[in-house]
């Protein structure tokens, strides 16, 4: 009896899996592909930010250095910081501190978002330049060292005696299948197979659009569980990811965050002719001089943020959160004295 019940359960499970993959809704296939996509989309930025944090702190927790400098107990100090942060979170929840977010206008958020993009680009460029200088071999002959010239002479003689011998010169050649690229060459078929199939499938699905969202909790839960399991992949194989790949991810994040940033669009208007302006709502309803004045004021705020956030002195960086909070009273109290409030509200509104 128990064996028959187990067989029925197995058959029902196989039928559910089969219907989930090949059925009408294909829910299992959709859940699996979405969870894998979310897992990769979350994992790569986490690795990139973790690598940047590890490089900035030299692999150590910041409070560890403070405990060593002042001869403090690390465990007790770490616990006190956690309790203190928990107290702030509880107070923020009791007094609804999140309501203050409505004071952050769209223009303020755009300044902060553009600063983050600039910081990403700066970190990527600095990391790439650092790797370049670490592995770059300068002009050795410029030192005019006799030892180096002697080693080069020995190397040339060795190459001359081994590879350029008259009897062996004819044997140095490339395979014909890698030189001539015609339709009959199998290597060309292999190269086409690596990309053509996926490109064709992507072009087939490119016209599809999302109509509605049925379920997002299960896929997010599975993706976050996979992120937790990825901790067992440390330090291998996650450390095999080259640093330039992570820096390229920073550049990609910075470039994608510029899309939809109205401040970037208005900065581009400074370089365009008036006849080529896009038909946006603020162009139709706000005078051109007011638009450019507001853009210049935002650029001044951005320069101040970059000065405090990227200055090498640590004390300047400590003031950076305060400067970011000061953008709120600047937008609410100072900017309406320079530009009319009705124009500010129009430029802070969504595109219509």
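Including glycine, each Cβ sits where the backbone N, Cα and C put it.
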Of 76-99, 148-171, 268-291, the range TrEMBL labels transmembrane segment: 76-99
The transmembrane segment (294-313) touching the transmembrane segment (111-129) per 3+ Cβ pairs under 8 Å rule: yes
Intrachain neighbours beyond the transmembrane segment (76-99), with Cβ under 8 angstroms and 6 or more residues off its ends: 63, 66-67
The domain 'Bicarbonate transporter-like transmembrane' (208-351): DSSP-derived helix, strand, coil residue counts: 106 helix, 0 strand, 38 coil
